[in-house]
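> The following feature annotations were taken from Swiss-Prot:
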type	residues	note
TRANSMEM	4-24	transmembrane segment
TRANSMEM	86-106	transmembrane segment
TRANSMEM	107-127	transmembrane segment
TRANSMEM	147-167	transmembrane segment
TRANSMEM	217-237	transmembrane segment
TRANSMEM	239-259	transmembrane segment
TRANSMEM	268-288	transmembrane segment
TRANSMEM	294-314	transmembrane segment
TRANSMEM	337-357	transmembrane segment
TRANSMEM	372-394	transmembrane segment
TRANSMEM	422-442	transmembrane segment
TRANSMEM	490-510	transmembrane segment
Amino acid sequence: MCSISFVNLISMSLSCFLLSLYFLLNDMIYFIEWELVSLNSMSIVMTFLFDWMSLLFMSFVLMISSLVIFYSKEYMMNDNHINRFIMLVLMFVLSMMLLIISPNLISILLGWDGLGLVSYCLVIYFQNIKSYNAGMLTALSNRIGDVALLLSIAWMLNYGSWNYIFYLEIMQNEFEMLMIGSLVMLAAMTKSAQIPFSSWLPAAMAAPTPVSALVHSSTLVTAGVYLLIRFNIILSTSWLGQLMLLLSGLTMFMAGLGANFEFDLKKIIALSTLSQLGLMMSILSMGFLKLAMFHLLTHALFKALLFMCAGAIIHNMNNSQDIRLMGGLSIHMPLTSACFNVSNLALCGMPFLAGFYSKDMILEIVSISNVNMFSFFLYYFSTGLTVSYSFRLVYYSMTGDLNCGSLNMLNDESWIMLRGMMGLLIMSIIGGSMLNWLIFPFPYMICLPIYMKLLTLFVCIVGGLFGYLISLSNLFFLNKSLFMYNLSTFLGSMWFMPYISTYGMIFYPLNYGQLVVKSFDQGWSEYFGGQHLYQKLSMYSKTLFLMHNNSLKIYLLLFVFWILILLILLFL
């Protein structure tokens, strides 16, 4: 089933890519209307939107999905339910495609809910307590976005149709459209895990690694960014854009800090995804939708490769994800290490790799844009933190001696997994320049002073040095000492967001509920209610029973008494 799915998806991806080129070069947009029901004067029509953006994004989703399924053939080889896993992944891709090509909020909701439901099934795929908790957190966080989307559908009743794309430009200054835009922004923030909904993204790492490669690169988390790209007119012309810029900037800063304190391999990569999502959202809130789309596509390539390499390492390490137990992997797994380092360098923005073209352009656009000092600081500091945790990860996993058990057989003989990774490796090297020429056919002239041009390079070098220094033992133990304990706990736990969004949200309602139960249900209500009445009746019946047993005279007297009462009632 893996091979059939791979061939079908890769051929569909190629078709979508060629179509997107045709649409882009000829500046074409197609609306396809499909009439579902026609009854007298009423008709229900489903509309699909095909333009270069939707087709290109769809081709990337299909390509990454095909390589992930091909990779899963070996990664999930020993799993008894691999066919169920492949079916869930295909359902995931189908939901994503429905969301991409829909200009209608109702059909978007179908794809949106499909993503939420299937992602829950995939997160709890390994059935244990940790997976169930992570799945519940994921489902409930995304449910807030579903409610926001339903409310926006209700608001759109004012327009008589749910095809939002027809009304965005004309109605952009109206209160109703502003309300719809704010609700859609809330939905996108939950799906793309922006502050204060960030805690579910690292928790979702309980899913199998191929799912992480698909979900955290090109599908679930980017659905929110893609939706806001479609609603960009409202963001860029109202206060919503300023709010989004602040929240997304704080998200990428928080995720970058958290990744420097994390030791779980998959969680570090998940936090790097969160940081890049914040970068996409922030540049989108400034009105540069093509640039956000460009970074979304390049990020999908190297992040999927990074997760695949992490999966191969975990597979060889007997399911151990602690980076402190790794070391010297470049000797034992040279091909996987090469792919891992290329994807890490692309994430840092190494010149002429996929991430460089989008990240460098974003930072230069920020430098010439009218943003305040706080946002400017967040952009550049977050870039430095990205390089820092990437170099820290390379230091822990690739250098030094192997720290795991001596019985671990580390090798690079997983040829099916390696082939899947090689396809993405090529795209991670050439994808950035290829997309740059496609999306921006005429180069931008960005004229900046030399110190502003070199600021990005300087921040990256400082970040790399900091990542190396933070890994050294003396700094590490100082950081974990009681002197720095509170600060490192705060920064390493995503500013306590997982605790606030789980324990913090339910603590007071549960305590109040317990008080109500103790005071009423198990207190005076219990005394004056059923239990007290039951006890009294039991006591009286026992007393009467004893009286009947002990005295024949009383028994006969009561018998006569009840006969008299019955006769009186009978003749009244």
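The backbone N, Cα and C atoms fix where each Cβ goes, glycine too.
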> Select the range from 4-24, 86-106, 147-167, 239-259, 294-314 that forms the most Cβ-Cβ pairs under 8 Å with the transmembrane segment (268-288).
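Comparing 4-24, 86-106, 147-167, 239-259, 294-314 against the transmembrane segment (268-288), the winner is 239-259.
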> Can you tell me which of 4-24, 147-167, 217-237, 337-357, 372-394 gets the most C-beta pairs within less than 8 Å of the transmembrane segment (86-106)?
147-167
> Is the transmembrane segment (217-237) close to the transmembrane segment (422-442), in the sense of at least 3 CB pairs under 8 angstroms with a sequence gap of 6 or more?
no
> Going along the chain, which residues at least six beyond the ends of the transmembrane segment (490-510) come within the CB cut-off of under 8 Å?
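For the transmembrane segment (490-510), the far contacts come to 137, 141, 195-200, 202-203, 254-255, 257-258, 260-262, 271.
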> Which one, 217-237, 239-259, 294-314, 372-394, has the most C-beta pairs under 8 Å toward the transmembrane segment (337-357)?
294-314
> Which stretch, 4-24, 217-237, 239-259, 294-314, tops the Cβ pairs under 8 Å count with the transmembrane segment (372-394)?
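Checked against 4-24, 217-237, 239-259, 294-314; highest Cβ contact count belongs to 239-259.
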> Out of 107-127, 217-237, 239-259, which stretch touches the transmembrane segment (294-314) the most, going by CB pairs under 8 Å?
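Checked against 107-127, 217-237, 239-259; highest Cβ contact count belongs to 217-237.
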